[in-house]
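Annotation source TrEMBL lists domain 'Major facilitator superfamily (MFS) profile' at 15-394. Taken from TrEMBL, the feature transmembrane segment applies to 12-33, 53-74, 81-99, 105-127, 139-158, 170-189, 213-237, 249-271, 278-296, 302-323, 335-356, 368-389.
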């Protein structure tokens, strides 16, 4: 019996690693534009705003697929959906190899983005099934670091690949990785057992009637706006304001990913111990506001400290909000639809953040651009404070 339990434990962690690697490859595909953005601008003859749109348009599909995602997963199963979205990632990169115009490249990025619309929701549904006997917080904490880990990898490998093999090679290598992940998902994943029949059918209407879902969704939208804006423009901040060369700017940007990795895991562990995910989300959001506001107002010797604080805060915030939502849903059958609402706001923030921030920077300068971003983060902080005071503290008192 003990041997069987150990085998089951190893099996779920193996599948988790495969899931995590797929999410990392997906996020690498999203971020591959960033370290070679100047070269893409020159090759295609486009502006900085148009280049940032290549980054944010990756989430365009997600704006339309986020809400139907829960229903699609219920209808076709988490395995089929996960395999399909990874195939879309492969297909988008394959088209990108042959894209010789800005319009075709935009279309290829939209196709890639279909994967982004589903991976978070599918991932959490898989994790809830694999870790239903315990350890969900830790697993979700680790899973939430995939963007940070991908950022670290992307900022260090894509520019050398470009310099050695040319622009198209970036898309070729990413397509190969996406193809491998598609095969692994098909080979190792099984569908999640659906318990909705025991509880009654879940509906989007029922999930959306919970005010907590909307509060948390707004907060994660503000978080993703800040996170993906910095993922897209950090190298430009380092070059334009602190006069770092391209290689060093990309290296500092990779640290933004590296620093966040342990803090996603730490957030999961803290929440498993304290049972207060909303409070942790609120506290980490305060740090995010301050780190965002001061990014253009500090001396060069404090730059790494700013990157560290912002990375740690965003990683903990993302993990905390995800776990808060799962502990907020009224019954497990509603999780898919509740996550659909949450990630709709997440994708909206991801989509609008980089181009709007870049546009403000081009017209009014970096200080106003970062102040606007800090205000957006502050709005998320207020929403989380409301949740903590209205629901989390009240819930603790009633126990």
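Cβ coordinates are placed from backbone N, Cα and C, and glycine is handled just like the others.
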Averaged pLDDT, computed only over the residues in the domain 'Major facilitator superfamily (MFS) profile' (15-394): 89
Which range out of 53-74, 105-127, 278-296 gives the transmembrane segment (139-158) the most CB pairs under 8 Å? 105-127
Within the same chain, where does the transmembrane segment (105-127) have neighbours whose Cβ lies under 8 angstroms from its own Cβ atoms, ignoring anything closer than 6 residues to its ends? I mean 6 or more beyond. 15-16, 19, 22-23, 26, 29-30, 44, 53-54, 57-62, 64-66, 69-70, 72-73, 78, 81-82, 85-86, 88-89, 91-93, 95-96, 99, 136, 139-140, 143, 189, 192, 322, 326, 335-336, 339-340, 343, 346-347
Among the recorded stretches 81-99, 170-189, 213-237, which has the greatest number of Cβ pairs closer than 8 Å to the transmembrane segment (53-74)? 213-237
Contact set, same chain, for the transmembrane segment (213-237): CB under 8 Å, 6 or more residues outside the stretch: 31, 33-35, 37, 48, 52, 55-56, 59, 147, 151, 155, 207, 246, 249-250, 252-253, 256, 281, 285, 288, 292, 295-296, 307, 310, 314, 317-318, 321-322, 324-325, 328-329, 338, 341-350, 352-354, 357-358, 361, 366, 373, 376-377, 379-380, 383-384, 386-387
